């Protein structure tokens, strides 16, 4: 919302949700036309080995960069949680984000990531979903109770802003679920296109409602001061926000292994014909986690990580590849609605990817990582209000 402008941002959320919904169904249509059962098989059947390798690279990059972002969130949120413990000051080791990221990696994320069977992470996914609802409720409560204390930024309610393309990248990052689509389609009692369409419509609609609620409440509270990690905006002495930070930290720690599983699976399929021995399983997992952790220790700005992952990985996986595969496989006339909409989504995806990358490099988000926001001190709010233009 901050990057796009609030009214345009809400509109874009609906557009990205529609494109996500449409392209997920398009994937299954493409699978039925080519008699393939996975995203990789579909692309390999349609565009050969080159297409398969491009898709594999994107399917590796998306969860890998997500792992980096999760570590950044862990370092940001849990350090502020520990600061609320009596006797833990700003100079305490528990407030060092580098130490927290290392400890959570060694104690939690790496051991859980070493599981071979993703089914064992099912209960973890359910817990993450429950905690997400809890976090949303906290954000909504603080919109009512905290928003009046924060001065609104200049042009807070302007319709559109210049960084709208980067916003589409972040939204694509939030909605993408294409790599699991064939797996879920195959798990339906009656895997028909009609049933799949109903499941997709309901799932994307639910995700849209949650996303709009988060976005609207977060932006209405902080307007132009919104950080890439929204919990960076709340004051350190806010106990409800501290509980939210704890839930948020636990959620991303539990989600990290799911992304690691996908990256390891891509490496296994491309380099080891889908099978990893026990030794290679451990080695590949440790290397993936170590590299992601190393990058997150060196870089701490979440916003630009989400933008880059959105425009470089999520956008082609959501906009470009499903449309390109369907267009090549379709036997309908060129002016059939599916072909025309696919062409439109394909062109839009290429534009978002190219322009979004250039804009992200030329105009990166500013970060105030780890700093207490000015409005957390009443005297600073008064001073800031006196300097705002009338």
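Every residue gets a Cβ built from N, Cα and C, even glycine.
According to TrEMBL, the features are:
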type: DOMAIN; residues: 1-361; note: domain 'Amino acid transporter transmembrane'
type: TRANSMEM; residues: 6-28; note: transmembrane segment
type: TRANSMEM; residues: 49-73; note: transmembrane segment
type: TRANSMEM; residues: 98-115; note: transmembrane segment
type: TRANSMEM; residues: 124-144; note: transmembrane segment
type: TRANSMEM; residues: 164-188; note: transmembrane segment
type: TRANSMEM; residues: 200-222; note: transmembrane segment
type: TRANSMEM; residues: 242-262; note: transmembrane segment
type: TRANSMEM; residues: 274-299; note: transmembrane segment
type: TRANSMEM; residues: 311-329; note: transmembrane segment
type: TRANSMEM; residues: 341-362; note: transmembrane segment
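The stretches the transmembrane segment (164-188) and the transmembrane segment (6-28) meet in space: the count of Cβ pairs below 8 angstroms, excluding pairs fewer than 6 apart in sequence, reaches at least three.
Outside the transmembrane segment (242-262) by six or more residues, the chain places 59, 62-64, 66-67, 70-71, 73-74, 77-78, 80-81, 84, 104, 108-109, 112-113, 115, 118, 121, 124-125, 127-128, 131-132, 134-135, 138-139, 179, 231, 234, 236, 285, 288-289 with a CB less than 8 A from a CB of the stretch. Beyond its flanks by at least six residues, the transmembrane segment (341-362) meets 19, 22-23, 26, 162-163, 165-166, 168-169, 172, 304, 307-308, 310-312, 315-316, 318-320, 323-324, 326-327, 330 of its own chain at Cβ-Cβ distances under 8 Å. When Cβ distances are compared across the two stretches, the transmembrane segment (49-73) makes contact with the transmembrane segment (311-329), since 3 or more pairs at least 6 residues apart fall below 8 angstroms. Here the transmembrane segment (124-144) has long-range neighbours at 112, 210, 213-214, 217-218, 220-221, 230, 234, 238, 240-241, 243-244, 247-248, 250-251, 254-255, 257-258, meaning same-chain residues at least 6 beyond its ends whose C-beta is under 8 angstroms from one of its own. Beyond its flanks by at least six residues, the transmembrane segment (6-28) meets 39, 42, 156-161, 164, 167-168, 171-172, 175-178, 181-182, 185, 193, 196-197, 200-201, 204-205, 207-208, 211-212, 215-216, 219-220, 318-319, 322-323, 325-326, 338, 341-342, 345, 348 of its own chain at Cβ-Cβ distances under 8 Å.
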